[in-house]
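Here the structure is laid out as structure tokens; the discussion comes afterwards.
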Amino acid sequence: MKRKHLLGLQELSAEEINTILDTARPMRDIIMRDIKKVPTLRGKTVATLFYEPSTRTRSSFELAAKFLSADTLSLNVAVSSVQKGESLIDTVRTIEAMGVEILVVRHQQSGVPQFIAAHTKMSVINAGDGFHEHPTQALLDLYTIKQKFYKIKDLRVAIIGDIFHSRVARSNIWGLLKLGAEVTVCGPPSLIPVEISKLGVRVETNLDRTLAWADVINVLRIQKERQDKGYLTGFDEYRDWYGITREKLNQLQNKKILILHPGPINRGVEIDDYVAESPQAMVNEQVTNGVAVRMAVLYLLAGGSDNGVTI
Ligand code: CP
């Protein structure tokens, strides 16, 4: 891969996405070993800079970097000079001046990773920006789907929930369409962007029809922290209409759809315990695959190639 940054899947070609997924496969083998360490990124330094909370993305980038023998720096924004008013760009330049080569950044504002990439010599990886993109989440979702179906092309994938606020939905839409899947977005009309069908997705507001259509569903988290505008009347009502429950799965009789959820889960809102713990749900598999995909991204941005993985 010739790119210096990973900012979103909108800008990646199908070939580049496939290169990352193909590279993630040997990376996954590494994390299944007793000794999860290869010297591939020895001497490189990877920093994480998260202005929003994270469990999965931040930890898995750190582990991915460590498994590849990179040094890591995890800047804790809550106790950093950001709290004294330091600007974003000054924080970035400070990290760069310490010799960091790859910066992984999450920010509540869409476009921040692109802005940083234009003002630094470091490689920048978008770990989620506002409502815009979360490319490594979509890559691990694609990897998980491919692991089960051995393909993406022509699969029917439904993304269910709060599409409006979801960077996971946007990155998934770009990735799935580029690899030839059919995509439906399903949710309350107030949480579906008006012109989203122009991207090439079907729009559906009926959950039963969506489940009957889909091979795979990606159940989005209801982002409680972003529901201050009243687009959602209540979480109980949301569960009644769009919650993935045992009853909903039973309606499908023998049809076993694959269920993804990016986490963190609101149990009893967008997905019930029974479903989240069912063999169809890939939640933990997605987390494991997230480490492998992030190892692949770090490796490729550092100059590695998919036909020369030195592990
Ligand atoms: N899926 C996801 O981005 O999770 P975190 O917020 O825990 O990183």
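Glycine residues also receive a Cβ, built from the backbone N, Cα and C atoms like all the rest.
Record note: TrEMBL gives ARG56, THR57, HIS134, GLN137, GLY263, PRO264 as carbamoyl phosphate-binding, and the candidate from ARG25, ARG28, ARG106 in that site is ARG106. For LYS84 (L-aspartate binding site), other Cβ atoms within 10 Å of its Cβ number 6.
Contact annotation for binding-site residues (ARG56, LYS84, ARG106, GLN137, ARG221) versus ligand 1: ARG56, GLN137, each with CB under 6 Å from a ligand atom. Cα spacing between PRO264 (carbamoyl phosphate binding site) and ARG167 (L-aspartate binding site): 14 Å, rounded to the nearest whole number. PRO264 (carbamoyl phosphate binding site) carries neither a helix nor a strand DSSP state and counts as coil. HIS134 (carbamoyl phosphate binding site) is 5 Å away from ARG167 (L-aspartate binding site) when you measure Cα to Cα. Surrounding the centroid of the Cβ atoms of ARG56, THR57, ARG106, HIS134, GLN137, GLY263, PRO264, where the record places carbamoyl phosphate, the chain contributes additional residues within 8 Å, namely SER54, THR55, ALA127, GLY128, VAL168, PRO262, GLY290.
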